[in-house]
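S.K.: TrEMBL feature annotations, pasted as is:
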DOMAIN    B:69-114  domain 'NADH-Ubiquinone oxidoreductase (complex I) chain 5 N-terminal'
TRANSMEM  B:82-100  transmembrane segment
DOMAIN    B:130-407  domain 'NADH:quinone oxidoreductase/Mrp antiporter transmembrane'
TRANSMEM  B:134-154  transmembrane segment
TRANSMEM  B:166-189  transmembrane segment
TRANSMEM  B:238-261  transmembrane segment
TRANSMEM  B:273-295  transmembrane segment
TRANSMEM  B:302-320  transmembrane segment
TRANSMEM  B:326-350  transmembrane segment
TRANSMEM  B:414-440  transmembrane segment
TRANSMEM  B:500-527  transmembrane segment
TRANSMEM  B:611-630  transmembrane segment
DOMAIN    B:619-684  domain 'MrpA C-terminal/MbhD'
TRANSMEM  B:661-683  transmembrane segment
TRANSMEM  B:803-829  transmembrane segment
DOMAIN    B:811-932  domain 'Na+/H+ antiporter MnhB subunit-related protein'
Amino acid sequence: MEIVLSAAIGTLAASGIWLLLRPRTFQVIVGLCLLSYAVNLFIFVMGRITLGAPPIMPRGGFINPAAYADPLPQALVLTAIVISFATTALFLVVLIASRGLTGTDHVDGQEREP
Amino acid sequence: MIEENLLLILVGLPFAAAVAASTVRATAHGAAAWVSGILLTTGLAILALLRAPISDGQVIRGTLRWVPSLGLNLTFRMDGFVWMFVTLVFAIGILVLIYARYYLSKADPVPRFYAFLLAFTGAMTGVLTSGNILMLVVFWELTSILSFLLIGYWHQGQAARDGARMSLIVTGLGGLCLLVAMLLMGQIVGSYDLDRVLAAGDLVRVDPLYPLVLGLFLLGCFTKSAQMPFHFWLPGAMAAPTPVSAFLHSATMVKAGVFLLVRFSPVLGQTELWFFAVTGTGMLTLVLGSVIALFRHDLKGLLAYSTISHLGLITALAGIGSNGAILAAMFHIVNHAVFKASLFMAAGIIDHETGTRDMRRLSGLIRFMPVTGALAIVASAAMAGVPLLNGFISKEMFFAETADWHNGTWLDNSLPYLATIAGIFAVAYSLRFIATVFFGPEATDLPKVPHEPPSLMRRPVELLVLVCLIVGVLPGLTLGPTLNLAARSVLGADLPYKDIAIWHGLNLPLAMSLVALGAGVALYALLGRRIADGPEGPPLLHRLRAQRVFEKLLLLLTWKLPRIVHRTIGTERLQPQLRLIVLLSIAAGLATLWGSLRLAPVPLATDLNPAFALMWAVGAACAVGAAWLAKYHRFASVVLLGGAGAVTCLTFAWASAPDLAVTQLLVEIVTTVLLLLGLRWLPKRREEIAEDKLLPARMRRIRDVVIAVAAGSGLAGIAYVMMTWPLIPNVGDWFLRNAYSEGGGTNVVNVILVDFRAFDTFGEITVLAIVGVTVFALLRRFRPMPESIMLDEEQTGLDDRTLADALLVPSLLMRWMFPVMIMLAAYLFFRGHDLPGGGFAAGVTVSIAFLLQYLAHDVRWIEARLTVLPIRWMGVGLLVAGATGLGAFLFGYPFLTMHARYVDIPLIGQVPAATALIFDAGVFSLVVGATVLMLIAIAHQSLRTTRMRERDSGTAPGKEAA
């Protein structure tokens with residue numbers, strides 16, 4: 001599992017970064033989305049892969065932490081998902097406004113000079 | 001105790017007065033002057049009360065506890081030297097206030113002037129009384145800033161702005177040097193307390209850093225006291241109103257530099273380096289300053305260079321550093337302040353009454369203003385060092401020090417000659433000032449007909465000139481005790497009392513004075529005519545203007561160099577910047593992990609499930625496909641992006657993170673819809689862009705692929721190594737153990753978010769609210785491209801009825817789904833504390849429910865039936881969350897402390913009732929508000945185009961929606 005998941009993170013990140021370096025605003029937004037998947041997964045797996053043991057406790061009594069998935073990366077990623085959603089929305093609106101203002105969807109607001 | 005409080009009041013008084021003066025109406029000239037005057041007089045009264053304990057040799061200390069937990073206190077101290085200086089500042093300050101009352105015109109915003117002047121007095125008092133060397137630097141910089149504001153008081157004039165800027169840059173940079181010097185000195189001594197630093201001279205002088213400390217310290221002092229080569233800001237500062245020139249730029253602020261030199265001479269002085277640096281600079285400034293002063297045509301310019309020269313004299317004395325020299329330096333500080341302030345005021349009166357300060361135009365004024373003339377003559381005689389006036393005595397003491405004190409160096413041997421030369425020029429320029437302005441034929445081409453000023457405007461000058469006379473005749477009786485007190489507080493309490501007398505018999509200093517007087521008169525008699533015809537400044541030297549050099553340097557540093565740097569390595573284009581960021585990140589990763597990243601001895605391994613591998617094969621293909629198609633096939637790209645997101649979501653579910661899976665799924669839906677809404681506003685791209693086929697574009701893409709693959713494989717490597725290392729016990733275990741007992745919930749992730757780390761969540765929802773409002777604000781001003789307003793090709797040609805029925809069945813289904821989704825949201829919300837779900841997931845669900853209605857129907861149809869007020873949802877959410885946090889204060893707990901318990905409700909049974917639930921309700925409400933606000937704002941853009949189309953076609957229906 002580990003090897004598959006790390007390869008997946010790598011692929012997502014590579015696709016995201018490639019798009020980040022493209023000249024069109026839409027490409028950059030899709031790139032940021034892909035990159036945020038990669039980063040979220042990366043943070044998430046810092047708690048290692050645990051199968052079938054979500055961090056949901058019985059009520060009361062002794063608890064063996066080793067029997068559950070690490071809740072901390074999950075809480076962090078939950079926050080990260082929300083924030084990346086907010087930034088995506090903001091970028092999208094900047095994209096729309098910039099297209100309206102400049103008439104082009106190039107990231108610099110003007111087409112590349114030949 | 002009383003003295004201590006009086007000292008603190010004294011320090012606070014000018015600032016209080018500044019605030020009081022600034023609140024007076026802009027036209028109430030009298031009121032501002034009265035307020036300021038009364039408060040400064042109170043200050044003088046306090047100083048009089050403090051005189052008795054100071055005379056006993058006491059050092060008064062006052063401490064204000066500022067941040068006691070960090071050991072930061074504001075310490076103020078006052079000894080004899082400080083007392084003398086503060087009294088001088090307050091006394092001259094009052095006279096300047098009276099003078100300014102008549103000097104400034106009715107049109108000037110006078111309260112601002114008084115406020116600045118008083119705040120400056122406060123800052124100056126702070127410099128003088130600081131008991132901590134860092135605090136001293138803070139007040140020091142404050143005087144620079146206030147000087148800047150005062151020079152620029154008549155900011156309409158270019159000269160005032162330039163002068164102000166120059167003085168701020170020069171003295172401000174000097175202040176920074178001083179700060180570093182003080183920090184180093186504090187490190188060497190081990191304390192920033194002034195008393196301990198003053199007592200640690202032996203420690204500082206042998207330290208290897210001593211030359212550096214001394215250099216930086218002197219830079220600070222020399223810039224402030226306008227020593228060559230940093231003198232050029234002072235003539236520029238003469239663009240200030242004359243009261244400011246009299247107060248700051250001759251009597252007090254510029255003396256702060258020499259104050260510090262004298263104060264720290266026991267610490268840093270007594271070395272050869274100190275002598276050469278300080279006395280050398282002082283003598284250079286003294287001689288050159290007096291030479292240049294003689295050749296200036298502007299009255300205030302002459303006085304400015306004379307001030308520079310006199311400051312050089314005091315600096316030279318501080319450099320000599322013998323007991324007599326220090327005493328003479330203090331004496332000359334006072335004397336120079338008195339006669340120079342009166343001369344500046346007289347120059348101001350002349351300017352005010354005649355309309356010009358050019359000495360080539362002024363002439364014969366003694367007939368029009370005999371009283372002012374007489375006063376100015378006495379004051380300039382004091383400046384020249386004529387016997388029976390105060391300037392004579394301190395200059396005589398200076399001559400005595402240069403002649404009698406020896407350390408055998410070449411500089412020491414040349415001191416008497418240099419001093420005499422400077423004395424000759426001082427006599428000559430004083431004589432020129434008097435002779436050209438007041439004597440000779442009556443001036444005919446003056447802008448105004450001169451006459452005597454209002455008597456109250458003259459009063460301060462009269463008083464100061466009287467002081468010149470009295471001190472000049474009876475120095476031992478008037479200033480003697482104070483000066484000895486001041487000298488003792490610097491040099492040690494066992495200093496023998498030195499009697500200050502006029503007559504010491506026929507000796508070398510007297511001979512030097514007489515030579516200077518005689519030669520000075522002769523020099524002026526010889527040169528007088530030619531100076532008036534010459535350029536502004538001495539022959540040869542006038543071409544070399546430090547001011548111009550400074551301006552060229554400033555231009556180079558702030559304009560030319562940055563532009564060159566910007567042209568060569570800067571870019572306004574986003575792509576190179578992002579590329580640089582990615583490359584730097586890769587480099588940072590490589591630099592920190594190179595060699596230290598290795599596999600665990602016993603790697604963790606989870607059995608590979610083929611389904612998982614297959615799922616990610618699809619996921620990876622989706623990601624690469626989304627990247628590949630994002631340019632020419634945006635819709636397909638969005639679909640593939642959704643695929644990658646879905647696989648991510650499944651991974652969360654697979655690896656024991658149900659909360660993440662739920663949230664990711666919901667967010668995925670909203671993001672996809674947002675992107676789909678945004679697609680409409682992008683330009684069509686059906687044809688290949690021609691350039692894309694060219695070699696440079698291909699090369700760029702290949703380079704970026706290399707970068708991306710490098711970054712991706714690096715990240716994969718790190719992830720693999722991290723994942724296979726056994727997990728060390730961490731704070732997550734604590735959360736697991738205590739989630740139920742402390743947070744009252746069994747879903748640990750949710751408990752962390754709404755209880756343990758609720759403050760983070762609070763910050764996060766605030767960010768969400770800000771983004772929502774920003775999106776809304778940006779889109780309000782947005783104007784779509786004309787081409788986007790057109791109907792799509794698929795839509796044109798169809799009649800309205802076909803359009804309305806386009807999604808008939810789905811839209812009916814979506815309408816029915818609305819209550820179901822609200823129910824689902826409620827379910828997610830209430831189970832959140834114990835099972836996967838929570839306020840955020842519920843909020844997104846509700847917004848999806850709204851969104852579906854917008855998708856299914858016309859915007860106008862839905863808004864006629866359903867009113868959503870997203871801003872209110874957001875506001876209420878933020879308030880509820882904040883109020884829950886504040887509620888904890890009522891029970892004496894810190895912000896956002898949650899309480900959890902279970903309550904029995906009939907029929908339903910045991911229900912968790914944590915205050916965290918209320919907080920989560922706030923999160924829920926805010927998420928609904930922000931998400932819906934963004935979606936509606938974007939969705940409304942299509943409404944705008946509909947309206948525009950209706951208006952263009954001229955068939956606008958009367959109804960104007962939303």
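Don't overthink the numbers, they just go from 1 along the chain as shown.
Positions of Cβ are set from backbone N, Cα and C atoms, glycine also.
Note that TrEMBL annotation is computational and uncurated.
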S.K.: Given a Cβ distance threshold of under 8 angstroms, which distant residues of the chain, six or more beyond its ends, lie next to the transmembrane segment (B:166-189)?
M.R.: 133-134, 136-137, 140-141, 144-145, 147-148, 151, 196-197, 200, 203-204, 207, 209, 212-214, 216-217, 219-224, 230, 232-234, 236-237, 260, 267, 547, 550-551, 554
S.K.: Near the transmembrane segment (B:611-630), which same-chain residues lie under 8 Å Cβ to Cβ, leaving out any that are not at least 6 residues past its ends?
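M.R.: Distal contacts: 636-638, 640-641, 643-644, 647-648, 650-651, 654.
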S.K.: Could you give the number of helix, strand and coil residues in the domain 'Na+/H+ antiporter MnhB subunit-related protein' (B:811-932) as assigned by DSSP?
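M.R.: Secondary-structure breakdown of the domain 'Na+/H+ antiporter MnhB subunit-related protein' (B:811-932): 85 helix, 8 strand, 29 coil.
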S.K.: The transmembrane segment (B:302-320): which same-chain residues, six or more beyond its ends, come within Cβ distance under 8 Å?
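M.R.: Tertiary neighbours of the transmembrane segment (B:302-320) are 221-222, 225-228, 231, 234-235, 237-238, 245, 249-250, 254-255, 257-258, 261-262, 265, 269, 274-275, 277-290, 292-294, 296, 326, 328-329, 332-333, 336, 340, 343-344, 347, 359, 383, 395, 398, 401-402, 405, 415, 422, 425-426, 429-430, 432-433.
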S.K.: Which sequence-distant residues neighbour the transmembrane segment (B:661-683)? Criterion: at least 6 residues beyond either end, Cβ under 8 Å.
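M.R.: Residues 634-635, 638, 641-642, 645-646, 648-650, 652-653, 784-785, 787-788, 828, 836-837, 840-841, 844-845, 847-848, 851, 855, 931, 934-935, 938-939, 941-942.
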S.K.: With a Cβ cut-off under 8 Å, give me the same-chain residues at least six positions beyond the ends of the transmembrane segment (B:273-295) that come close to it.
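M.R.: Long-range Cβ neighbours of the transmembrane segment (B:273-295): 210-211, 214-215, 218, 222, 226-228, 231, 261, 265, 302-306, 308-321, 407, 409, 411-412, 415, 418-419, 421-422, 425-426, 428-429, 432, 527, 531, 534-539, 541-542.
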S.K.: Quick check: do the transmembrane segment (B:82-100) and the transmembrane segment (B:326-350) share at least 3 Cβ pairs under 8 Å, counting only pairs 6+ apart in sequence?
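M.R.: Contact confirmed: at least 3 Cβ pairs fall under 8 Å.
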S.K.: Which value does the mean pLDDT take for the domain 'NADH-Ubiquinone oxidoreductase (complex I) chain 5 N-terminal' (B:69-114) in this predicted structure?
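M.R.: Averaged over the domain 'NADH-Ubiquinone oxidoreductase (complex I) chain 5 N-terminal' (B:69-114), the predicted model reaches a pLDDT of 85.
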S.K.: In the same chain, which residue numbers or ranges, 6 or more beyond the ends of the transmembrane segment (B:326-350), come under 8 angstroms Cβ to Cβ?
M.R.: 81, 84-85, 88, 92, 95-96, 99, 103, 242-243, 245-247, 250-252, 255, 258-259, 262, 265, 299-300, 303, 306-307, 310, 313-314, 317-318, 357, 362, 365, 369, 372, 375-376, 379-380, 382-383, 389-391, 393-395, 397-398, 400-401, 433, 437, 450, 453, 457-458, 460-461, 464-465, 467-468, 471, 479, 483-484, 486-487, 490-491, 498, 500
S.K.: Against which stretches of its own chain does the transmembrane segment (B:238-261) lie, if we need a Cβ under 8 Å and a gap of at least six residues from its ends?
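M.R.: For the transmembrane segment (B:238-261), the far contacts come to 85, 88-89, 92-93, 96-97, 99-100, 103-104, 113, 117, 120, 124, 127-128, 140, 143, 147, 150-151, 153-154, 157, 159-160, 162-164, 178, 217, 220-227, 278, 298, 300-301, 303-304, 307, 311, 314-315, 318-319, 329, 333, 336-338, 340-341, 344-345, 347-348, 351-352.
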S.K.: Please count the residues of the domain 'NADH-Ubiquinone oxidoreductase (complex I) chain 5 N-terminal' (B:69-114) that DSSP assigns to helix (H, G, I), strand (E, B) and coil.
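M.R.: Summed by class, the stretch gives 31 helix, 7 strand, 8 coil.
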S.K.: By DSSP assignment, list the helix, strand and coil residue numbers for the domain 'MrpA C-terminal/MbhD' (B:619-684), in that order.
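M.R.: For that range the per-state counts are 54 helix, 0 strand, 12 coil.
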